[in-house]
Amino acid sequence: MGRRIEEDQRRQADRERSREGLDERMRLQNERFRDIHAQRHERFDPNGVRFIEEPGNRKIFRLNNQTFIRHDETANFGHFGGRSDRRPIPGGGEFATFHRPDGSRVEVEVDRFGRPIRRVRILPDGRRFTLFENRALAAGLGLAAIGAAIVLLPPPAHAMPPEEYVVDAGVASEETIYDTLYAAPVEPLPRAYSLDEVLASPNLRDRMRSVRLNTIHFEFGSWEVRPDQAPLLQGIADSVNRIVQNNPGEVFLIEGHTDAVGTDEDNLSLSDRRAQAVADVLTQYYQVPRENLVTQGYGEQFLLVPTQGPEIRNRRVVIRRLTPLLQSDQGRYSNSGQGPQNDYRP
C-alpha cells in the first residue's frame, strides 16, 4: 500500500511539473507576442470580412470556420540588395520591380491585401520567367478569395513508403533531397492551378512529395533560426539551387507549422514567421533566389503528432516544389512534372 501511495504521489508531482513547464512556456510565448498584440488592429475589408492586421502587413482572418493568414509579398524582396521601383495600380494594389546587383529583376504585383497576383523573374540577358499568375481566380473578392480557392480533391493515392513520400532532411542524403524535390506529382493532375488554389488546398499540395526540415528546431514561441542551425540547411539550399539553375521558373513552397498550444491567431502568425525565417536564411546564406520561394503559415491545422500539448515535432517547417501544380499566364502546361513552360522573350 505504501509503495502505491508513493507511486501516486510521484505521478502527481510529474503532472504538476508538466503543468508548471507548460505554464512557463506559455508565459514566454505571451512575452514574445506582447509587442505584436499591442500593434494588432481589427479591420474589415470592402466585402465585410473581419481581419486582424499585424505589424509587417500580416492579416489573419476567418472564413467558413477556418483561420487563414496573408502577408505582404513585396516585403520579402527588399532586404537583399538593389533598388526597387514601386507604383500603385487600380484597386489599391501595387506593382514593384526589384533590381538586383547582378542585373536581374523581379516584377511583383499584389492586390491591396498583399495577395500575390503575378511574379516574374527577368534574367540579366532579358529572358522572362513567369513564376505564377494568380489573377483570374476570385477577382474582386479580397480576403475571401482564399475561401473561393479551396479545391476539393481526395487524398493522393500512391504506394510510396511514408519515409520516401515525406523525407526527413536530417537523415536524407543531398541526392535524396534533390530527387524528392524534383519528383513529378505522385498521381496525374486533372488541370493546372492558381497559387491561391495550391496554398488553400492540402490534398492538392500533397500531390507533391516534400522534405521535412527536422534539422531546424524552434524554441517554444520563437520563429528565429539560430545562426548555428543555418549550416543544416545547406543540403536543401544546394538542391533548390540545382533545380532553379536548370529552370529559373521553378517555385518552391516553404510551409510553417506549430503545435496546438496557444491561440489560432498566434499560431498562424508564428508559423508564417517561421516559414519566412527559413526562406530568408536560404537566401542570405546560400543565395537561393527569393523570387523562387513562396512561404505560408498553417498554424496548428496539420499536426504531425496528434496532441493538444506542446510537441517539438509539430513545430516544423516543410518544403516542396509547386511548379508542376501551377499555371502560367501563357496557359501552357506540361503534365510531365516539369510545370509551366515559360516564354523566353527578349
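Each residue, glycine too, has its Cβ placed from N, Cα and C.
Curation does not apply to TrEMBL; its annotations are automatic.
Feature annotations, courtesy of TrEMBL:
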DOMAIN    205-325  domain 'OmpA-like'
REGION    1-23  region 'Disordered'
TRANSMEM  136-153  transmembrane segment
Three-state composition of the domain 'OmpA-like' (205-325), taking helix and strand from DSSP: 53 helix, 20 strand, 48 coil
Per-residue pLDDT averaged over the domain 'OmpA-like' (205-325), given as an integer: 92
